[in-house]
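Before any comments, here is the structure.
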């Protein structure tokens, strides 16, 4: 909780032990003491003289004390002390001594002043101290009702969090001021505690002080225990006779508690008294000292006075004083006190476009305005009748008073009905206002049943489509769920900061008051105040409260209107204005918009199946539930839908992340993990597969580049091998009788000569070298074994001799021969 400060361990009167030095201290060598023989002799001499003096005093006899002389005082004649302003000089001296004794603070007060010197700061408004702010733990606390700014440059610029529940404003203490803060404690054994004005008694969970010890301006002062810890902060007090009960904010073990005795008043210092004016004379608005300042004594003059002061700061104090006629005395407020302002107002008849039968009329229940700022779907309806007060200006919550012609009639509140597409549930009523929760619809109707059992109704076109609280369309508030912030119209009749304008009603013409009697016109007022203006004769203009007859006149020559300037009515655009439209009054309206928390259900958690860069959600809603998701990258993409049945949704999860929100559950954020197939340290194809899953474009580029490099290397190697073979075999081909070495023949795959056939060659080998003949049969077997081994291990790099011989161009083939000494044969092929 923000209003429970954290204990700090910075003591003002405690000095910590200095830090130990990490290096050993080296002992400084002590200089040798040189004995001073002269000083020793002088000391011995002084000791001997002192001993001799003490011995002589002991031997001398003690003298008896001298007898004290008694002072003889002459009797003085008694003189009567002079009286100054009804008090003698002695009494005046005693009063001064008593004042001096009172001004000297006691032990408790001195201790509190010593602690308060560091942890308390004045709150000033226009240079005047209105209260105090206190540093407790790691927070600075100031009563919310204290107007002004803390008299400290660092604390004045802090951002405070306000709590109307505890009447506190709280902010974090700057780091450099934490050493000045006081500790707090929740331990409060019964006994006496200390504050600025002395002792505070704590008993039965209440803090009390002697009456007169505290006063307005002490709001925000702390109460300390004997260890200097804060146990409570004073907000105000309630006078209970000899003692005053304090209204405080204190701490329990795990929570903050506000103790407010009955009848307690806030102890912020009063600001400049608001002044009102009457006939060029000023007076305090809350205490009018004039005769027409009571509505019950002179209603019309009182309303005129209120209209003259409508724009002054103390207007509502003047209104309260004029309606209660308290003249400075304070009255206990009650629920009926909130309805007291309506005795200066009256219901009225206004134009209504649809009176329930498809035609317009002047209805006593005309709808003026409909407000729907509340997020919970509550409607605040204003209409022309008044609820909670009867026609005798008495508070009665079972009555509705409405205008019936010039008269005011009562109806039963239970006959009030509000409807849209269906009947609405009425939550609260007061004055001109109704609180109701209605189903969706395209119109709004308000109706009552009058004294003749006739239905008086008014209907207006109004589109009402209440949005659900939260993200689920539920019909019944659950027992368990989640608390989310919302707004509603507070169901209280107390005064609010909202207000409506009132004005004096105009004169209403009424020809029914005129009757023709044998050439004369009779005006029957019926207890009303009537203005008349007849053109027959002279002087037939005026105002009357009783029946009168105008001689020798016709009804057509007279104009009669009922005037009533004893009550205000709402300044409606559907009602004619009075003769002076600039004059108006104001009254507070009930049911303010309040920030609260609403309990909403929580949808069942979805079943989540994770995939590769995607997630699959199985959604099972109990009622229409909103499902939405969005990406978390630089360009977020948002999607939402209302889910009414069990569905399955697969949504992508990019690398930047994704957030999905299901119903009133907390949003969930997911990021795709860098996973892929293959192995980073496996076979080549596994390595390629692994990196292709992570970086597909880079992997393809790398594989293509390596393949091109390998092909270029292979072609270059083949070209270099062919060139080297040609360079190696050309000299032997051009040199007659040159023999190719067998190693070079194997490396260069030298082709055999075509001088003799296979049979001739085999016959020659049989005759000349039979060992080589048998090796010729072993050569095919060896070739088969080599080819099999190469195919098995896939390590064959060279082509077969016949393949290289077949691929070589025919024109470039050379026959290698070797010759002996027989010139006729021309040589023998090898």
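Glycine is no exception: its Cβ is also placed from the backbone N, Cα and C atoms.
Marked as active site, charge relay system by Swiss-Prot: 145 (among others). A simple way to gauge crowding: the CB of residue 145 (active site, charge relay system) has 18 other CB atoms within 10 angstroms, across all the protein chains here. Secondary structure from DSSP puts residue 145 (active site, charge relay system) in coil.
The Cβ of residue 167 (active site, charge relay system) lies under 8 Å from the Cβ of 143, 144, 145, 235, 249, 258, 266, each of which sits 6+ residues away along the same chain. Following the DSSP three-state reduction, the secondary structure of residue 167 (active site, charge relay system) is coil. According to Swiss-Prot, the active site, charge relay system annotation covers 167 (among others), on the basis of similarity to another entry.
Listed in sequence order, 130, 131, 132, 143, 145, 146, 234, 235, 236, 266, 267, 268 are the same-chain residues at least 6 apart in sequence whose CB falls under 8 Å from the CB of residue 219 (active site, charge relay system). Swiss-Prot lists 219 (among others) with the feature active site, charge relay system.
What Swiss-Prot lists as compositional bias 'Basic residues' is 65-107.
Feature annotation from Swiss-Prot assigns disulfide bond to 119-134. Sequence-distant contacts of residue 119 (disulfide bond), defined by Cβ-Cβ distance under 8 angstroms and a gap of at least six in the same chain, are 134, 135, 136, 180, 181, 182, 222.
Annotation source Swiss-Prot lists domain 'Peptidase S3' at 119-267.
Positions annotated as N-linked glycosylation site by Swiss-Prot, on the basis of sequence analysis: 280 (among others). Neighbours of residue 280 (N-linked glycosylation site), defined as other CB atoms within 10 A of its CB across all chains, total 5.
What Swiss-Prot records for 327 (among others) is N-linked glycosylation site.
The annotation N-linked glycosylation site is assigned in Swiss-Prot to 533 (among others) on the grounds of sequence analysis. Using a 10 Å Cβ-Cβ cutoff, residue 533 (N-linked glycosylation site) registers 12 neighbours.
What Swiss-Prot records for 595 (among others) is N-linked glycosylation site. Shown in sequence order, 485, 486, 487 are the residues of the chain, 6+ apart in sequence, with a C-beta less than 8 angstroms from the C-beta of residue 595 (N-linked glycosylation site).
All protein chains shown were included, and the count of other CB atoms within 10 Å of the CB of residue 718 (S-palmitoyl cysteine) stands at 11. For 718 (among others), the entry in Swiss-Prot reads S-palmitoyl cysteine.
Under the three-state DSSP scheme, residue 728 (S-palmitoyl cysteine) falls in the helix class. Taken from Swiss-Prot, the feature S-palmitoyl cysteine covers 728 (among others), and the record attributes it to similarity to another entry.
Marked as S-palmitoyl cysteine by Swiss-Prot: 748 (among others).
Positions annotated as S-palmitoyl cysteine by Swiss-Prot, on the basis of similarity to another entry: 749 (among others).
If you look up Swiss-Prot, you'll see 58-109 marked as region 'Disordered'.
Sequence annotations record features per position, and here Swiss-Prot assigns region 'Ribosome-binding' to 94-106 based on similarity to another entry.
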Least crowded of the recorded positions 134, 728, counting other Cβ atoms within 10 Å of each Cβ, is 728
Cα-nearest neighbour of residue 718 (S-palmitoyl cysteine) within the listed recorded positions, 280, 533, 728: 728
Could you give the residue numbers and ranges of same-chain residues that sit at least 6 residues beyond the transmembrane segment (702-722) on either side and whose C-beta is under 8 angstroms from one of its C-beta atoms? 688, 691
In the three-state scheme derived from DSSP, which category covers residue 718 (S-palmitoyl cysteine)? helix
Looking only at the domain 'Peptidase S3' (119-267), what is the model's average confidence as pLDDT? 88
Separation of alpha carbons, residue 280 (N-linked glycosylation site) and residue 728 (S-palmitoyl cysteine) (Å): 134
Sorry to bug you, but what's the C-alpha spacing from residue 280 (N-linked glycosylation site) to residue 533 (N-linked glycosylation site), rounded to the closest Å? 34
Count the residues of the domain 'Peptidase S3' (119-267) that DSSP assigns to helix (H, G, I), to strand (E, B) and to coil, and report the three numbers in that order. 11 helix, 76 strand, 62 coil
